[in-house]
Protein chains: 2
Amino acid sequence: MSTLDGRKRVVISNVAPQVEDGRYPAKRAIGEHVGLSADIIADGHDAVAASVIFRHESEQTWHDLPLSPAGNDRWEGTWTPAKEGFYEYRFTGWIDHFASWKRGLIKKFDANQDIAIELRIGEILLREAFEIASPPDKPAFEAWISAFGNATDPQETFDLVVSDALAVAMAKIRFTDRISVFDQTFRLEVERKKAGFSAWYELFPRSASEEPGRHGTFRDVLRLLPKVAKMGFDTLYFPPVHPIGEMKRKGKNNSLVPSAADPGSPWAIGNRFGGHKAIHPELGTLEDFTELVAAAKELDIEIAMDIAYQCAPDHPYVKEHPQWFKWRPDGTVQYAENPPKKYEDILPFDFETADWQNLWHELKSVIDFWIGHGVNVFRIDNPHTKAFPFWEWMIGEVRKTNPQVIFLAEAFTRPRVMERLGKIGFNQSYTYFTWRNSKWELEQYLYELTKTDQQYYFRPNFWPNTPDILPHHLVEGGENAHIIRFILAATLSSNYGLYGPVYEYGVNTPHPGKEEYTDNEKYEIKHWDWDRYSRTREIITRVNRIRKAFPALQSTWNIDFNETNNDRVISYTKTASEGGEPLLVTVNLDHDHTQGAHIRVPLHHFGIGYDQPYLIRDMLSGEKYKWQGEYNYVEMNPWEMPAHILRVERLN
Amino acid sequence: MSTLDGRKRVVISNVAPQVEDGRYPAKRAIGEHVGLSADIIADGHDAVAASVIFRHESEQTWHDLPLSPAGNDRWEGTWTPAKEGFYEYRFTGWIDHFASWKRGLIKKFDANQDIAIELRIGEILLREAFEIASPPDKPAFEAWISAFGNATDPQETFDLVVSDALAVAMAKIRFTDRISVFDQTFRLEVERKKAGFSAWYELFPRSASEEPGRHGTFRDVLRLLPKVAKMGFDTLYFPPVHPIGEMKRKGKNNSLVPSAADPGSPWAIGNRFGGHKAIHPELGTLEDFTELVAAAKELDIEIAMDIAYQCAPDHPYVKEHPQWFKWRPDGTVQYAENPPKKYEDILPFDFETADWQNLWHELKSVIDFWIGHGVNVFRIDNPHTKAFPFWEWMIGEVRKTNPQVIFLAEAFTRPRVMERLGKIGFNQSYTYFTWRNSKWELEQYLYELTKTDQQYYFRPNFWPNTPDILPHHLVEGGENAHIIRFILAATLSSNYGLYGPVYEYGVNTPHPGKEEYTDNEKYEIKHWDWDRYSRTREIITRVNRIRKAFPALQSTWNIDFNETNNDRVISYTKTASEGGEPLLVTVNLDHDHTQGAHIRVPLHHFGIGYDQPYLIRDMLSGEKYKWQGEYNYVEMNPWEMPAHILRVERLN
């Protein structure tokens, strides 16, 4: 009881955002807003006031963000943090004696009760405020105190009590010794813009050669850079570029019996030429790689590297650090397995090794090495099969000195595991979008991602395909389905990616019985004619241009779904909460047939009245329509253009 | 990194129960079970195991409660704590290498793969377990190790691997250095049985006289004790029994102009005869009071006292401790007000007084005083108008030395405020039940109370009426409504109470325009003929007898609602989770008309098959029926008996 100040009567609880009770920071990218809220109450009937105080890690002083009551004792405020790095924030609340007094006085005045004593109480409250008011406000307080003290005309004094000038001055007063501060300080991690807004393109450099049959090189990729830039991608992601294991190498279509010419899977990392810090000799040299990174940067493209923490049997680590692997009683290293299946070309690290500290440092040094060569974006292969404490430590350490580094988690696994990876530091994550097709699935999944607490730690990156996954609907729906799934990915999520050029050319022959590409590029070198026309590519180019022009498409959280009366037509508004103007998107989910629907336009988002005509401009087709009221008809032919991305303009 | 053991791969989160992230204990009464659960995951595909360890505050060693997977990485267990007081509990999880190995071996064996090396790995795992096995288990481990090492017949060895004996022995093994323990230890407060199961009867002792016109005394109440006991109540609660203020005293019907004979409101506490530690002279002496407390105890009735921390203007505190009140500029003490209304007979304490520590100690000493005179149950008047930090401190301190003391919060206010009072220590609380009438309202409210986290901190006490509240439906529905509302209160909630004898006699004339009794007993002395027959009283007596006989009615959390096809008929099962047999309750919510409905009997709760006939026995009417299948018909006439409380017996 001695240290407790029992006079602080305001109680704060159920604070948001918070991730695992403050164990992890909430996350936002530059430009994104965050809603702050808490339950804030006091005993009795006195007026309560509340604010959030916050400061950037580089600052000494706190800023004050007043909160407003949102009903049922919830208090809310909106904040758009301005700087990268960590902020800390605290919720505060206090009894607002002046507001209580003012409320009571108004009621008494309205009931024609005598307010003489009330005015004397008010004068006392003003004198208290005067003591701590800022110097520029002090003269005004002096005038009010004098007016209260010499009140003669009740109406005149009442007008002063309810005046805006007094309200504004009092709103600045903080009796810090009377303020309740929630016992926990929370953190918000503000990431660079790219963490929240990116368009990824994945290609195999070894397939980049202009001559069929020749192994592609980084120099070949140089030639493709302008084409990738023209499509509008800002992140070019390569599967692992390290030496590929020669022992137990897999052949075409994952065959256990490779031919001598088979190039092997890039994810079987390491051979006599080196491991995770080496370049596969056939791709070129380390200098070629850094040159490519620099050339890409000129085109506003970042190279993203694939980090797969696993070894081919001939990776140098196996001999140099045998203690990092599990050994079987027959003297062999434990390979990856999912009994009864065996993956003998892959040796996992043993994260329970007694030498775990050296293992962790070595794995981190791989990231440091590539940062040193200009890479700031890493796609992490199967992070869910490596120990969580390692990721938490590694990502934390890397971002402490290199906060610009972005980690994308390639975890296609159970919900709690994927969520965890976000909490412990991954900046982006692959998602279940790949398998969410129907309207209700998409709406439900986007709700989970953007309206629940997941928004604070799990940042989605939507991929319609990957070298590992050819979903059934891309097989069934052909080019139209490729276009629909791309538009959904690129407008539902501000981060998305695709694996090309198979995507632009609609390559979609599945391996029998599997959700995978047959003759998979993972096991063989392909050759692509980049000059061949592709409708998909044309639409990708248009949509990426629109994404760059409109801030509404540069955040994922600002989505509201619109009612439609056809389950094959989905519609959503990307609101203006992150700046710019709101956009209206409609997509036909049927890859075979034209579908139409009445959609309900959320007029309030566009500042349009119910009886006011307005102009709709489709940025995909260039067409214009005049609409009025909430319900309007759209129709989309998947053989031409399966979507509208609409600007909405008031007509005067 | 130095202190962190990176090899602990299991991660625990989202632990339940927890109240405000462990700031407050969860609560359960003796005999009640608590479900424990958490999200528990590890990287990769290894088998995970988990348990909760717990100990009573009086114990040194931890007990172990294994958890089971409940789907989607949720792990669950059920625990019925045995002792009053505080328990602490921790969630733990670990990689179960033996289980992973066993699962893999079974798959390999089934796929006809060679398991020789697997058996050698198993032998190593068994040797590790042998090291820490309890002495009685060691010989068995030795035998298994030898069997693995000398395995010749694969089928025989396989049978050993999957044997129950080995599974049981391995389930006891804990490699404590490999176990992840959630970083927070939570507390559970186990209260005495009465906190969870009580039937309250409120009466004004001053109305207990046998002779009309004479002020009732504690000696008069002595005479009524057997009648209260016969009805089945275990808690007899009196409005404040202290001297009643003479200054600004209210007259009949809250009149500001009392006559000299008006006794005043018992909640206007204190006059020249004393304050919160004195007895109103007309009720008797302190000795009479303690004698009554003792006599009640003989009949298994506890006297509950009303604590209203407020003062009449002539309370001795006002002169002795003027600093505990707010003074106005005109030299008067601030009275209670809700502008423009004034309550000049009541002076609130100023919880922002600089002398708050002495105020707190004095208020606590009131409780201590009455504990010293045998009172262990306190109904706290309007706790939401006194500072929360005070309650948290006061209740904590009192229960530290007197854990038997029960505090009931009389807070009819906003949800967050009522919840808070439960979190900071109140053992029971008044609720919104008083105004929840329709089926959907009752089902929704009971869901909120019993299935959300509220169950861990907010223990409802259902009151159909109070001296302050005569709800509209009791006015409209007369005796039938009184019976229906009583049965709902007494079977929906294991704690309930009512204000009598108005209740048994259906007194229900409202004060015009208000939800209150006219000629309210708060302001005048009443006289009751306790010998007059009352159907309500007869049903109260029967239901209280059933409540005492069946553990299913002695907890509030074990409720499941049953589907009915008539919105005027509500039905619920009180399950057997707290012991005893489950009961089926159906109530007609229509106080005017007979209503019938098909109800869906949850056969699984009664262990009855879909095609099996069973016997239904109504403990209210004594009637029996034979039913079969899920859907069965009930009918209730509110003029006779508006409910069934049914035992369900299997027929052989």
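Placed from the backbone N, Cα and C atoms, the Cβ positions cover glycine too.
In the predicted model, the domain 'Glycosyl hydrolase family 13 catalytic' (A:202-547) shows an average pLDDT of 97. Annotated domain 'Glycosyl hydrolase family 13 catalytic' per TrEMBL: A:202-547, in sequence order.
The feature alpha-maltose 1-phosphate binding site is assigned by TrEMBL to A:Lys250, A:Gln310, A:Asp345, A:Asn382, A:Lys522, A:Tyr523. When other Cβ atoms within 10 Å of the Cβ of A:Gln310 (alpha-maltose 1-phosphate binding site) are tallied across all protein chains shown, the result is 22. A:Gln310 (alpha-maltose 1-phosphate binding site) falls within a strand segment according to DSSP.
According to TrEMBL, the feature active site, nucleophile maps to A:Asp381. A:Asp381 (active site, nucleophile) falls within a strand when secondary structure is assigned with DSSP.
Secondary structure at A:Glu410 (active site, proton donor), taken from DSSP and collapsed to helix, strand or coil, is strand. Positions annotated as active site, proton donor by TrEMBL: A:Glu410.
Around A:Asp468 (site 'Transition state stabilizer'), taking its Cβ as the centre, 15 other Cβ atoms fall within 10 Å, counting all chains. In three-state terms derived from DSSP, A:Asp468 (site 'Transition state stabilizer') belongs to neither a helical nor a strand segment and is classed as coil. Residues annotated as site 'Transition state stabilizer' in TrEMBL: A:Asp468.
Note on proximity: of the binding-site residues A:Lys250, A:Gln310, A:Asp345, the one nearest A:Glu410 (active site, proton donor) is A:Gln310, by Cα distance. The alpha-maltose 1-phosphate site in the record is lined by A:Lys250, A:Gln310, A:Asp345, A:Asn382, A:Lys522, A:Tyr523, and its two most distant CA atoms lie 19 Å apart.
Cα spacing between A:Asp345 (alpha-maltose 1-phosphate binding site) and A:Asp468 (site 'Transition state stabilizer'): 17 Å, rounded to the nearest whole number. Taking only the Cα positions, the spacing between A:Gln310 (alpha-maltose 1-phosphate binding site) and A:Asp381 (active site, nucleophile) is 9 angstrom. If you draw a 10 Å sphere around the CB of A:Lys250 (alpha-maltose 1-phosphate binding site), it holds 23 other CB atoms from the protein chains shown.
Spatially close to A:Tyr523 (alpha-maltose 1-phosphate binding site) yet at least six residues away along the chain are A:Lys250, A:Gly251, A:Lys252, A:Asn253, A:Asn254, A:Ser255, A:Asp262, A:Pro263, A:Gly264, A:Ser265, judged by Cβ distances under 8 angstroms.
Cα-Cα distance from A:Lys522 (alpha-maltose 1-phosphate binding site) to A:Asp468 (site 'Transition state stabilizer'): 8 Å (rounded to the nearest whole number). Counting every protein chain shown, the Cβ of A:Lys522 (alpha-maltose 1-phosphate binding site) has 20 other Cβ atoms within 10 Å.
When the neighbouring Cβ atoms lying within 10 Å are counted for each of the recorded positions (A:Asp345, A:Asp381, A:Glu410), the highest count belongs to A:Asp345. Sequence-distant contacts of A:Asn382 (alpha-maltose 1-phosphate binding site), defined by Cβ-Cβ distance under 8 angstroms and a gap of at least six in the same chain, are A:Ala308, A:Gln310, A:Glu410, A:Ala411. The two recorded residues A:Asp468 (site 'Transition state stabilizer') and A:Asp381 (active site, nucleophile) have their Cα atoms spaced 12 Å from each other. The DSSP secondary structure for A:Asp345 (alpha-maltose 1-phosphate binding site) is coil.
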